[in-house]
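Visitor: Got a structure for you, written out below as structure tokens; questions coming shortly.
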Amino acid sequence: MGQENGVMNKVNSISEVTYANRARRHSCAHLLVTMTFQQQNSLPSLPVPELDETLRAYYKSVEIYLDEDQKKATKRAIAHFRSSKHINDAHLALKRRALEQRNWLEEWWYDAYLEIREPIVPFLSIGAIHPRANAMPHGFQLLRAAEVIHQMAIIWLSLRRGSYPVTKSRGVVWDMNQYYVLFNSNRTPQRRKDVLRRPFRLESEGPCPSHVTVICAGHLWAVETLNEHGALLSPDAIYHQLAKVYKISHEKPNEYPLPSMTAANRDIWAEIRSHVMGISEKNAQNMLKVEEGTFCLSLTDRVWGEGDVDNQLLHYCIAGDSSASWSDKTFSIHVHKDARMTSQSDHSNTDAIAPLDIMNTTTKNLKKSEWIPKNVDVPEPQHLTFEIDDKVKQAITEAQQNFKRAADTIKVGKVYMKSYGNNHFRSLKVYGDTVIQMALQLAFRKTHGRIAPAYETASTRKFFHGRTETVRACTPELKDLVEDIVAKNSSVSKRQRILFKRAYDAHNTLMSNAMEQKGVDRHLLGIRKTIESFGKGCSLKLDLPHLYTDAAWKLSGGDGNFKLSTSFVGYDENGAFGYVAAMLLDGYGVFYKINKQSINLVVTSYHQSKFTDLEKFSENLRWTFDRYEPLLPRPSARI
């Protein structure tokens, strides 16, 4: 795996034994190391659910989409699946794998992302806007960029020293591996499957690159964050580096910006990258320098000021300019001419919460007013130039054209609900996330006359290297509520309050189970991958079990067929919010942040869909919250 620097591990993450041993060998800091990473070793391994429980949950999640004949067929498919010797062998093999590996899913989960050959942007990346980075007067762009780099370097160094706070949920320690791999990482293109390169190291493990990869006017630079003694450079020193970067880059903007290739088909980019590195040794060295940067920061020439700025920024962050991000990096930050900020994150290496948390920590510490940089000694920024030929120039041009065509399909809007928020939900003793999920289903039903298979992410970070499980958020209980409301139109009844409570409780149970790794989709993925492994080598290839080809599988969302792909992104009042493109051409993506007295929802679809209607769906979503209000419990009635 990989063409240079030797053989790479498939997942290439640090084992918990390694964390602990390194901490013991360097006992001085590494009381600090224990703060961030010491508890990794005590996290439970990812469990394998019981097969009967998974199949019961699966049938309950699919029956609401089926007619009577389809229900009978699905029951037969489940019964055959359960009685199959191959399936029982696969389930036992999966349990053995779980005994041998701390996280039986991890390698397969990375493979699922890294084997995708379509471009990372605009369809797979996480885009976000950052409200705290408000517009500032002309000339503030470099000041803000210098602050961002400095604040990010503080976080990077705290992770190097193990002093970054451990994430907890309701007192339960969560896995911190996603923070270990946030900085310096790069999704390197390879034929058939990409490779995640992760040169980040704790201080106790040795040195790692400390520069930031900067893009300006199509040029690539390495801007240093540490001095020769290993101490953080001041924002002043970083500013003066950026001023030189900006001046030289704008003297002759790069007509063929190499960053645009990171938005190309992965096999094409793999070929061009190898070709570029083969042109000269300097090209090869500069490519690795770009890829090993702590993160990518882009200085754009965009000024935002007319119309709905948030919507413009939301579209830009993943669909704006292919030359403004090194999309292979775990995250790229755009600092615009007016000092506003957007960001783009690669979804393969981490989930959304970790980079959003880092960005929120950064923007909280930005100065609110202009400052004058002091004259200080600064290292020279390194201009990372590339010699390219006509083949590369043509590939860049084609990549930009293809990106623009894809980006133009993305449709995004924001729904702002001022009458709701965490204060309101807490006063009623209800989970806002659950109410929002229930609202999404009613809005879809009102818009399209049917219910929708819905995907909500549940974090499994209480387990070693946990990522996510799927909450199949459309339940029989929720369908009953939605259909009753649509049938009764505006009338509110005691029956609806009972149905609301049942649907509310059903969703909470699903979420709780999913966070315990007792969902449906990851377990069935594990069995499917195990069956596939039986057919490798000299073994006879086994047919895909009928469960995965039965009509219910795709009707309920299997194989990425969820018409609603959704996620909750936090409570930070002024923090980042964003989205991933909708999972399906005829579907919606909905990503939401619950503030104290409001809710921000980002809704996305595709222009070419003849099924979706973003404006109508958003309007119905607003109606749905008002329709649910009288069904919410009052303080005197517990739910």
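Every residue, even glycine, has its Cβ placed from backbone N, Cα and C.
Below, the features straight out of TrEMBL:
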ACT_SITE  His347  active site, proton acceptor
DOMAIN    46-622  domain 'Choline/carnitine acyltransferase'
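If you look at the structure here, what lies around each of the features I listed?
Guide: Within the same chain, the residues at least 6 positions away from His347 (active site, proton acceptor) whose Cβ sits under 8 Å from its Cβ are Tyr113, Leu124, Ser125, Ile126, Val580, listed in sequence order.
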Visitor: Determine the mean pLDDT over the domain 'Choline/carnitine acyltransferase' (46-622), rounding to the nearest whole number.
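Guide: Averaged over the domain 'Choline/carnitine acyltransferase' (46-622), the predicted model reaches a pLDDT of 97.
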Visitor: Reduce the DSSP letter at His347 (active site, proton acceptor) to three states and note it down.
Guide: coil
